[in-house]
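Visitor: Let me give you the structure first, and then I'll get to my questions.
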Amino acid sequence: MNILFDSNETIYPFPPKPRPLSVDAKQHYRSRIKTLLRERNAVMVAHYYTDPEIQALAEETGGCVADSLEMARFGSTHSASTLLVAGVRFMGETAKILNPEKTILMPTLEAECSLDLGCPIDAFSRFCDAHPDRTVVVYANTSAAVKARADWVVTSSIAVELIEHLDSLGEKIIWAPDRHLGSYVQKQTGADVLCWQGACIVHDEFKTQALQRMKILYPDAAILVHPESPQSVVEMADAVGSTSQLIQAAKTLPQRELIVATDRGIFYKMQQACPEKTLLEAPTAGEGATCRSCAHCPWMAMNGLEAIANGLEQGGHAHEIHVDAALREGALIPLNRMLDFAASLKLRVKGNA
């Protein structure tokens, strides 16, 4: 692997947490948001990693809770003219790329992603230019500019299948930006994969030793791990997968106790899927006192009720997502390739069932 970016030496400035709201204030903002959604002909889409009360509000108002791609696809089929995207900035960009005719609003445009931040377009373009014989595959957690530089965009749910497909064609791969997911995909497929060295600040904190100690306390529990986690943690898992795949695994695994190594925001939908099971947070490196993310993305936490109400009410430069037309056209090519591949994959799976 070619180390261009050492996430261990990169300390991202975390945003301030939203100010705590009283019960009355929360009720006020929930009511205000519902009114604004109706007035603006808007629908709310929220990521699995946002706070539970935000996910609940999205569902209550006819929106959806999903991963970044499904959020954008939901918006493209919904009649609303405005999408309120509760997530991080690249998710708003993806929604705009797939829905250029719609207004895309976010609670804040300052909600970042360490994978996006860790893959700046200028450095990444130089890296790609240095390896012109390789097919460029980038994760959805990237900027519109990085997507436009890529041949393919991919989500974790179909990453293994896509790399297997490209490998069968004899193609060598550049993978960006997550080194752990890239390592996992390479190990699963045996493909020639050159990885950019980014990492998710949440999943990178899960460590084997702490997880082993927790397993001793809960010997009958199954371990569920997102592949953005370090390889040693992934190797301990009973199930490895994307957010939606982990929720499905929680439903189907026979164990009644589940240790979950991903952002704790997923517990809202996971508990809905298996209310009879006990969900346990996998320990992060610091096990509380010294952890940085503590298993919850600090930028996802910026999507509070007050910020959502402000985004719907104010709009404008502080809340609306714009993507340059040429950049959008460039990013749409690898995104559509992924969507077409995913559709054909579902057809093949259905045909083999």
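All residue numbers here begin at 1 and follow the chain in the order shown.
Each residue, glycine too, has its Cβ placed from N, Cα and C.
These came from Swiss-Prot, pasted as-is:
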- HIS47, SER68, TYR139, ALA140, ASN141, SER156, HIS226, PRO227, GLU228, THR243: iminosuccinate binding site (BINDING)
- CYS113, CYS200, CYS297: [4Fe-4S] cluster binding site (BINDING)
Visitor: So for TYR139 (iminosuccinate binding site), how many other CB atoms are inside 10 Å of its CB?
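Guide: 28, counting other Cβ atoms within 10 Å of TYR139 (iminosuccinate binding site).
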Visitor: Measuring Cα to Cα, how far is ASN141 (iminosuccinate binding site) from CYS113 ([4Fe-4S] cluster binding site) in Å?
Guide: 7
Visitor: Out of CYS113, CYS200, CYS297, which of these binding-site residues is nearest HIS226 (iminosuccinate binding site) by C-alpha distance?
Guide: CYS200
Visitor: Between any two of HIS47, SER68, TYR139, ALA140, ASN141, SER156, HIS226, PRO227, GLU228, THR243, the residues recorded as binding iminosuccinate, what is the biggest Cα to Cα distance in Å?
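Guide: This binding site's residues have a maximal Cα-Cα distance of 18 Å.
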Visitor: Long-range neighbours only, meaning 6 or more apart in sequence with Cβ under 8 Å: which ones does CYS200 ([4Fe-4S] cluster binding site) have?
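Guide: CYS113, SER114, LEU115, ASN141, ASP178, HIS180, GLU228 - these are the non-local Cβ neighbours of CYS200 ([4Fe-4S] cluster binding site), listed in sequence order.
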Visitor: Which chain neighbours of the [4Fe-4S] cluster site, leaving out CYS113, CYS200, CYS297, have a Cβ atom within 8 Å of the mean position of the site's Cβ atoms?
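Guide: Everything else in range on the chain: TYR49, VAL88, SER114, LEU115, ASN141, ILE201, VAL202, HIS203, ASP263, TRP299, MET300.
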Visitor: Give the distance between the Cα atoms of HIS47 (iminosuccinate binding site) and CYS297 ([4Fe-4S] cluster binding site), rounded to the nearest whole Å.
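Guide: Approximately 11 Å lies between the Cα of HIS47 (iminosuccinate binding site) and that of CYS297 ([4Fe-4S] cluster binding site).
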Visitor: Specify the count of other C-beta atoms within 10 Å of the C-beta of GLU228 (iminosuccinate binding site).
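Guide: Its Cβ has 28 other Cβ atoms within 10 Å.
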Visitor: Quick one: give me the count of other CB atoms within 10 A of the CB of HIS226 (iminosuccinate binding site).
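Guide: HIS226 (iminosuccinate binding site): 28 neighbouring Cβ atoms within 10 Å.
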Visitor: Which residues does CYS297 ([4Fe-4S] cluster binding site) neighbour through Cβ under 8 Å, counting only same-chain ones at least six apart?
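Guide: Correct list: TYR49, VAL88, CYS113, ILE201, VAL202, ASP263, GLY265.
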